[in-house]
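**Q** According to TrEMBL, the protein carries these features:
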| type | residues | note |
| --- | --- | --- |
| TRANSMEM | 33-53 | transmembrane segment |
| TRANSMEM | 60-79 | transmembrane segment |
| TRANSMEM | 85-103 | transmembrane segment |
| TRANSMEM | 130-149 | transmembrane segment |
| TRANSMEM | 169-188 | transmembrane segment |
| TRANSMEM | 200-222 | transmembrane segment |
| TRANSMEM | 242-262 | transmembrane segment |
Amino acid sequence: MSDETHICNKQVQNDATSCTSTQKQAHIPHTNFLAMIASQIFVVMLIAGASALPIATAKITLVVCALILLAFLTFWPLHGNVIDRAIALLSCIASAWCATLALKGWLPQSVIIDNETVSMSKFIAAIRPYERWSVSFALILVAATFITFLRQMLRENRTNLVRNLSHTLTASIACAALPGWMFLPSIIRFMPSLRNTEGGIFVAALCILMVILLSGLSYLWVRNNCKNYYENNVTNNIAISLLPIMFSGMLIYIAGLGMLVVA
């Protein structure tokens, strides 16, 4: 029995060593790496450009978000099947619908009156959409977590339970956060009215820095994957590179709140 146990432990150790070795040796081909960077730059420039247009509204940004969602669901870099994609899709639809309702109508382009006094009525009108979407976002995450867990419990073969849960929830959270970019047009229109220009620049610079750092994580996600997860595929890597951009919707939302605070 001791010999069998020793052999079993040795086999497990060899498997772990093999996985670790694969992780260390895993690398992204230069073509894939450049494709990831180009995709992220293109998507950010597209959504920022659409939001900066003089006629920009939340609906225009919503169209760009829909294109990003379509690309992510088409290439789908995570484990899962049609059901997992449907859960992520429904999370995004619910979040986008709530954001559209919250941003219905024109938001105040300034909360300042007489060049120095903050108008509480305008401030409340400006912050109310953020409050509504944050509550909706939290409820969507709770619902997505419950549905994902229930979906895994109904499987006959519950292998890789934790992995499947994490992958589906990651996709659902990213898709639910994507409509946060819909706040960008109102933020851009609001910035010229800031009294504290330095504070507004700091918030904007911090947001841009966080988006860049978050985008860089996609490279680490691919590079550090073990052989059971890593796929040397351009479309797979492009889809993974979209995940940080989708998560960055929450950073845009937070930046909008920061602009109101420093106003």
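Numbering starts at 1 and runs along the chain as displayed.
Each residue, glycine too, has its Cβ placed from N, Cα and C.
Bear in mind that the values here come from a model prediction, so they are computed numbers and not experimental data.
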**Q** Verify whether three or more Cβ pairs under 8 angstroms connect the transmembrane segment (130-149) with the transmembrane segment (33-53), leaving out any pair fewer than 6 apart in sequence.
**A** no
**Q** Under 8 Å, at least three CB pairs between the transmembrane segment (169-188) and the transmembrane segment (130-149) (pairs 6 or more apart)?
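**A** Touching, yes - the transmembrane segment (169-188) and the transmembrane segment (130-149) meet the threshold of 3 or more Cβ pairs under 8 Å.
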**Q** Six or more residues out from either end of the transmembrane segment (242-262), which same-chain residues have a Cβ under 8 Å from its Cβ atoms?
**A** 39-40, 43-44, 65, 68-69, 71-72, 77, 111, 123, 126-127, 130, 133-134, 170, 173-175, 177-181, 183-184, 186-187, 190-191, 194, 196, 199-200, 202-204, 206-207, 210-211, 214-218, 221
**Q** Where else in the chain does the transmembrane segment (85-103) make close Cβ contacts, counting only residues six or more beyond its ends and a cut-off under 8 Å?
**A** 58-59, 62, 65-66, 69, 73, 76, 128-130, 132-133, 136-137, 140, 143-144, 147-148, 151, 168, 171-180, 182-183, 186
